[in-house]
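Positions annotated as coiled coil by Swiss-Prot: 365-392. Feature annotation from Swiss-Prot assigns repeat 'TPR 1' to 4-38. As annotated by Swiss-Prot, repeat 'TPR 2' applies to 110-143. Annotation source Swiss-Prot lists repeat 'TPR 7' at 493-526. Taken from Swiss-Prot, the feature repeat 'TPR 9' applies to 564-597. The repeat 'TPR 12' annotation in Swiss-Prot covers 755-787. Under the heading repeat 'TPR 13', Swiss-Prot lists 789-820. The repeat 'TPR 14' annotation in Swiss-Prot covers 829-861. Annotation source Swiss-Prot lists repeat 'TPR 16' at 916-947. What Swiss-Prot lists as repeat 'TPR 17' is 948-981. What Swiss-Prot lists as repeat 'TPR 18' is 983-1015. According to Swiss-Prot, the feature repeat 'TPR 19' maps to 1019-1052. If you look up Swiss-Prot, you'll see 1228-1260 marked as repeat 'TPR 21'.
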Amino acid sequence: MADTDHYITAGIIYYCQEKYHQHVQNLAREGLKKYSNDPVLQFFKIYGMLMEDRVQDAIRRLEPIKDDPTVVLCSTMALIYAHKRSERVDREAVADLENKLKETRKSAGPKALYYAGMFLWLMGRTDKAREYIDRMLKISNRSREGLVLRGWLDLSSEKESTVNKSIRYFEEGIQDNKDIFALIGKAQYFMAHQNYSGALDVINQIIVNYPPFLPALTLKMRLFLAQQDWDQTLETAQRILLKDGANIDAFQILTIHSVTREGSTEKALNYLRELINALDAAEPRNPMLHLHKILPISSLCGRNQPILKQVSVVIGRIFQTAPHAEVATALANNFILQGNVTEAAGWYATAMKLDGNHLEGLTGVIQCQILQGQLEEAEQQLDFLHEIQESIGGTKELCYIQALLASRQGKEEQIITELLKKAVELHYAAVRGLPLGVEYFEKLNPTFLINIVQEYLVLCPKQPKAPGEPLSPLLKQALSILTPVVSVAPALTEPLYYTAQIKYLAGNLEGAQGSLQRCIEVDTACADFHLLMAQIHYAQGKFAECSVSLETGVSHNFKVRERPLYHLIRARVLRKTGELQEAIKTLKMTMSLQEMKRGALKKSTWGSLNSSDKVSIYLELAELLRLNGEQHEATKIIQDAINEFGGTPEEIRIVVANADMAVAKGDVEMALNVLRDIAPNQPYYTEVKQKMAQIYLNNRKDKKLYIGCYRELCEQQPGPHTSVLLGDALMNIQEPEKALEVYNEALHKNPQDASLANRIGQALIKTHQYKKAVNYYEAAQKISGQDFLCCDLAELLIKLKQYSKAEAVLKQALAHEPVSDLTSMVTDAKCLGLLGTTYQNYKKEESADILNKALELQQRILKRVPMEQPEMAPAQKQATSEICVQLAEHYVDQRNYEQAANYYKEAMVYSQDSKVKLQLSRLYLMMGDLDSCENHCSALLENHSFKEEAAMMMADVMFRKQDYTKSIELFDQILEENPDNFAVLSKLIDLLRRSGNLSKAPMFFEKALANSSRTTLEPGYNYCKGLYCWYLGQPNDGLKYFNKARKDSEWGQNAISNMVQICLNPDNEIVGGEVFEAPDEADGLLGEKRESEMLGVRTAEKLLKEFHPRTLNGRNQLALLQNHCLMATKDKANVETALSAFTEMATSEKDNVCAILAVAQAYMILRQTPRARNQLKRLSKVPWSLADAEDLEKSWLLLADVYIKLGKYDIATELLKRCLLYNKSCYKAYEYLGFIMENEQSYKDAAANYRLAWDYSNQSNPAVGFRLAFNYLKDKKYVDAIDICHKVLKAHPTYPKIEREILAKAQTSLKP
């Protein structure tokens, strides 16, 4: 039986629902080939004919099957329906059939009841169908197919509670994954509840089990569209066309995509023709299906003439086949869009003749009368229509034409805006809750919304909002009307153009430019786009770009030069470029144009001149004449403007311009007198008071009168808006406490205003009331529910280091179902980014996952932004770049440099931020990729903001490449410009030491001293001097200078750290080293030296009490130094305590060089050399970096010491050469090399190395002098040996050992 063939029955029922009557017949015929004479298939084949109005044919074919037990009820119902649709109704036959139906129903079986219920459901009689199916379920012991149909009946209900019950029937009725009809029902239930993933799973089950079942792919295509995933929607459409090259739904979707997303008229026309051909081929007798498939395209294409003409031809053809009022009205609507009001009026009249109660036809007639200026006739018709509508309620069309008529009759603004507002509410009520799809697009009707926006713009300010000026609520309303349209149809130029115009008037120039740029991309030839772009460029101060836009507009349409607006913009540009004469000439010529004459103004249409622009031309000319010294002529033009516009809302602008001219002449009092005459009930009163306030503040420097203007404004026009203006004014003059009081009063008047709540939060932060700010944000967020307040609160909590609270706030904001609207996605991405920041300080191990989620979401946003909200693109690219930087920084902390570099590179794809380039350069330096670092630094040297840091990094690169001259030159260039840049000088001193050129340092100190007489008092200068003395082997002088810097917030921490190191190791010995350990010190320090060292430890401990780190790195440094103090005591217990602390540090941070070195030093002091060696071997494999340079050098020297003690001179030599590679002044390395050569009895080489050690230690270490003199003695250079002995004894008279063992012998050897 066919009813067990899920493929055929589900397909037939699907096409019945979609009203694809020919498809139903075709599928039934296909089934009859397999199941010949099947009554169910025969019935559905006849049903398809009946729906095509082939009534007599259907009656004739129903007669043979009307008594079949399976289809007896549905066939009888179909016959009744067919007879009633006949031209001549056979009432006797109908009565007989109705009696038969009553009798048959009493004894009908489950199958008959099932198909009767199915027929009633398909005919739209759901409640009656429910009676039949409930009875069927009762007598069939709840058959599965009955349960499924019962689920469909509930799913078709308009009551949400009933729809929610449907899933229960589907779940109970689904026998297996082969019941396609049940699975489609379940998928549709999921779609109705926006559970798209659940719906997709079900649809995929059908596709897997029944690959040829085309409706499943169609549903999948609609499902992707509901998710706004156009890529997958188009891909699925193409899959459908591969299986069915004339698929109606696929071509409809492709046409809609071409119109709404691509803006390609050519592609849209091609797909539209394919759609028409598919309809003609697949559904030739289905005119109303043709209409309903074409109408969404007609609704979406706006005023695209080629598409409208094609649609008109199709609808005209449909009318010939089906002359219904609905078709006539659709054709009339199409002619309205084409601007052919006369033709439209004729078709609306035709619709009224066909159906006298056709309301859309009547409203269309009235609209045409208004557009043709027949206002009295329109008013009479509207009164009649209004009486009819009172019984059934208002419609959006009625509200709109009422507003249109009120506007043309010059009625009050409030009446017009109330009607427009109601029209918009009724319009969007029809689409609310609908998923994105064909029905949504048809009901969205962008052109209707544009008509409403045009009426709003007539009432809106005509000049862009000045900074600080309140935004007109009408502009807000107009923008909110268009936002959903631009979001789903970003290639429709008319909504984009008006969106750009609104944003321009609202002062959002970047947003306006983004929207308009999209318009130009879609249609480069529209001159109006270029004119508005010129206005935007002018407002941005981009005068060259403004001129280009004007000329581009002219190149596309030469008639642009006949528009006064073109000349106004051009004159303004000429004024800015100083060409006053040319600008005056341009505007004088403009005054003679037709549009500038009285009565020439038009209603707001594309590119038309409004009264505001006309006034602007007068005022611009007056200002130009004044600037050109033609004061009398300027006054005359102002007077002409007053004569023409006196008594209009624009008069106040002329008065304000008059006041500006007075201020420019220095007559402030006259300007104020002119402005004082403006009464509170006049237009622009708020702007006038703000102008007065600015004069008081800027010209009179009187803050009291400045605030007085805003207080008067609040008294005359009390409300939240004026209170906010007063609060902002108080903030402007640095009185946040008073501003807080005003903001709070305003919030009481308007508790739902989230922006006001944000102002209060910012004011609390400005007054350092952080706790109050947190409490306030928390309370405000609960009241308003605004997510951006969550972000503000989280940012504040992060600043206050209250990370757990920040996490809780952000998690709460993110605790919702996945969102698809762009605004919510942007908010979620921001919340995820902030959560990642929180975790970087709080739960480092989780931060990467969260930031990757944020990045993934940002990338989805970036795919949609260019089409939906192009003005957001720069900000969203920047946000994406910042998340990449956060991830890079995370991986730098983890020392995963390759991954970090990848994220920095990705960040630079989204934003060419030099700061990111600098961070990447720094990373390349850490990685040892010197060439990449050099390439990036070279580019950064051209950027003044980053030149200094780039030069320092480049110097580091040059140093590592052993190009010391170039390295020093780079630092020298910076210091030439700023000799007192001590941050650079400190790095240069280190570089000079490492390159063996420390002797050049004094000249830089001299330059700094010459720059200012106060240089010696500068902490930075003293720090640099301390560093120089320390490196020079003068620890006491170093301490003295560091001491002068230790109280400074910038230099103090490093100064104290260096002082502690000097106190603990004044002679710069190798801690833990044994090679140069004196025999008498083998068992510990004794006597005076011991006491001296303990004094150093105590001094270091005292200094550390002043060490107050603010960062985690600073706290780690403090812990390290404290334990170094313990280790310096050489007491076993203390050393073991220090070792434990060092080990813990090294374990928590596996690559912490200074901690690992300290562990090795502690082991050496405890005589656990093998363990020390293991740690030092680890460090020998660490790549050199400037940050770890000192500790790596110490580790290599200590490891060399170990190997020397073991007699492994080759390995030790390699380590020592590595030290000298990165520090030419490392005298300890030379000392060790001298020791190795001496032990190998190569006294000449030993003397050469000791000589370098002696020179680089500034000839201050007597032990090194002793070894040098000894090797000179051995090499028989007696004079040199004697010379060194004298130098040592002069500096250290208490060093008799050298006199006894070397000097005497050398002198004896010289004697003949």
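Any Cβ shown, glycine's included, is placed from N, Cα and C.
As the structure is a computational prediction, the values presented were derived from the model and not from experiment.
Counting only same-chain residues 6+ beyond the ends of the repeat 'TPR 17' (948-981), those with a CB under 8 A from a CB of the stretch are 918, 921-922, 925, 930, 933-934, 937-938, 940-941, 987-988, 991-992, 994-997, 1000, 1004, 1007-1008, 1010-1012, 1015, 1018, 1020-1021, 1184, 1186, 1222.
Using a Cβ-Cβ cut-off under 8 Å and counting only residues 6 or more beyond its ends in the same chain, the repeat 'TPR 7' (493-526) has close neighbours at 263, 302-303, 446-447, 449-450, 453-454, 457, 460-467, 469, 471-472, 475-476, 478-479, 482-483, 485-486, 532-533, 535-536, 539-540, 556-557, 606, 866-867, 869-874. A Cβ distance under 8 Å defines the sequence-distant neighbours of the repeat 'TPR 2' (110-143), meaning residues of its chain 6+ beyond its ends; these are 3, 13, 16-17, 40, 43, 47, 69-74, 77-78, 81, 104, 149-150, 152-153, 156-157, 172. Under 8 Å from some Cβ of the repeat 'TPR 1' (4-38) lie the Cβ atoms of residues 44-45, 47-49, 51-52, 118, 122, 178-181, 184, 210, 212-213, 215, 248, 282-286, 288-289, 292, all in the same chain and six or more residues away from its ends. Between the repeat 'TPR 19' (1019-1052) and the stretches 789-820, 829-861, 916-947, 1228-1260, it is 1228-1260 that has the most C-beta pairs under 8 angstroms.
Averaged across the repeat 'TPR 2' (110-143), pLDDT in this predicted model comes to 94. Residue counts for the repeat 'TPR 18' (983-1015) by DSSP state, with H, G and I taken as helix and E and B as strand, are 27 helix, 0 strand, 6 coil.
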